[in-house]
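TrEMBL annotations:
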type	residues	note
REGION	58-77	region 'Disordered'
TRANSMEM	83-100	transmembrane segment
TRANSMEM	112-136	transmembrane segment
TRANSMEM	148-172	transmembrane segment
TRANSMEM	292-315	transmembrane segment
TRANSMEM	345-362	transmembrane segment
TRANSMEM	368-389	transmembrane segment
TRANSMEM	401-425	transmembrane segment
TRANSMEM	437-458	transmembrane segment
TRANSMEM	470-491	transmembrane segment
TRANSMEM	521-544	transmembrane segment
Amino acid sequence: MESLRIAASHRPPLLLPSPHQLRRRHIAAVPLSLPHTSLSLSSHHHHHHRLAPTPLRRRIPPLLASQTPNPEADSPAPAGAKLAPLLVSLAVGLAVRFLAPRPPEVSPQAWQLLSIFLSTIAGLVLGPLPVGAWAFLGLTAAVATHTLPFAAAFSAFTNEVIWLIVISFFFARGFVKTGLGDRIATYFVKWLGGSTLGLSYGLTISEAFISPAMPSTTARAGGVFLPIIKSLSLSAGSKPNHPSSRKLGSYLVMSQFQAAGNSSALFLTAAAQNLLCLKLAEELGIIVANPWVAWFKAASLPAIASLLATPYLLYKIFPPETKDTPDAPALAAEKLERMGSVTKNEWVMIGTMLLAVSLWVFGDAIGVSSVVAAMLGLSILLLLGVLDWDDCLNEKSAWDTLAWFAVLVGMAGQLTNLGIVSWMSSCVAKLLESFSLSWPAAFCVLEASYFLIHYLFASQTGHVGALYSAFLAMHVAAGVPRVLSALALAFNTNLFGALTHYSSGQAAVYFGAGYLELPDVFRMGFVTALINILIWGVVGTFWWKLLGLY
């Protein structure tokens, strides 16, 4: 699970869970300051939640999670790998290598690489070490056993898509550091926040609005939307970890959490895993022409339908106690007044992201690739001082992503080159043929399997690295149209991010706010998943036929 490391020192502590153990942690974020005249809280509570805004130009340190005080904090955590997950992860690979019979059509080198890859995936799920460290061990094993030469093992570190993902983390930091994301969301609260349902729609639409230029769901959740939701909830007397949470906070958090997947699915650049999916599809020979536009066209109608339906349906099946929020627009207006006029850095951020998005849309026609567009945008932010190099160096999640994404993409590419993926897909195709399934039926079975398997994963990108290539090959072998297969699996990758409290980075952020009970997360995650599947299945079927995807 991607850990949140977004700069936001001008905000008070918010509780977040650890990515792996879901402990309560603190991050800093700016809430809407609460005026004395509109609070239902007592005056001393009011004073506790007011903060004087700090200058935006002040250097913002990385947002690193730290444990809340507890009696065990004095004793250091044991160093090294966790023994039980380590043994299980190693056993998976060793069992495949030495106990499972190797098919005659698979070479010894390919079989050995498959065993290392499966051990790596098992470790990503079980977590004997942090994700990046475990991926490095898998890469080391591949090189040390001469399964892969050094150049082939490290070839994915020059992958354009991976560097585009890394730069997207820097863009997200710019949105938070300048306060631009916060300002945009606050405007929508001002315009639509007169009722609880309108407030939810305002937050949902604002996330969809900024998502193509802020390509991190975790950053949007922790750096922009959760601080606003928590501040509005507290102003209505809805406190975390308290019976009053159901007054307002629980609904707003749940609605934003469940709608975020559709925002991520709407644009290619709205989530890092989207870019990775298309790169893995390209390695299987499935090229999506003009990818940004093609993605948006295919996702637009079903994603917008789901975005519009989710807040209303949750309002009916997970209702808030407070139906009207007349103070919210006033709170937002006061905050905007306190923020002042748009700063120079915010204007630079707006111009840079308009340039980047324009090049992502039209870059193919003028010969500018997506990663070059992102590099130009980052260069502008560095030259004009919106970001400095320390901001980039301190964005540890970006460098961690570079390491383990590159390992997974590299191994997946080599498995394809060595014939493992084609062998697996042919086996599945024969199995599906034995049941005499048509390609639409096979499509439904494979998509449902890919979706439900996410209950075993704590990361969307980890799920993609482990299973996307294999499932895409199965789709193609079953006769499903190639581009439709690639896009549908990628859309699914966003929609299952709200299944559980550990299914994605934003899941950890929203659950850690203290407004959601665990049974509610699982129950509403499953119900909303069914709603999304129904909307995407019905609307998408007709829309994709109209677009000629099948």
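Each residue, glycine too, has its Cβ placed from N, Cα and C.
Keep in mind the model is a prediction, meaning the values are calculated, not measured.
The transmembrane segment (148-172) shares more Cβ pairs under 8 Å with 368-389 than with any other stretch in the list 292-315, 345-362, 368-389, 437-458, 470-491.
Of the ranges 112-136, 292-315, 368-389, the one with the most Cβ pairs under 8 Å to the transmembrane segment (345-362) is 368-389. Packing against the transmembrane segment (470-491) from elsewhere in the chain are residues 265, 273-274, 277-278, 280-281, 284, 286, 288, 294-295, 298-299, 302-303, 421-422, 424-426, 428-429, 432, 437, 439, 442-443, 446-447, 449-450, 536, 540, 544, 549-550: each is 6 or more residues past its ends and has a CB under 8 Å from a CB in it.
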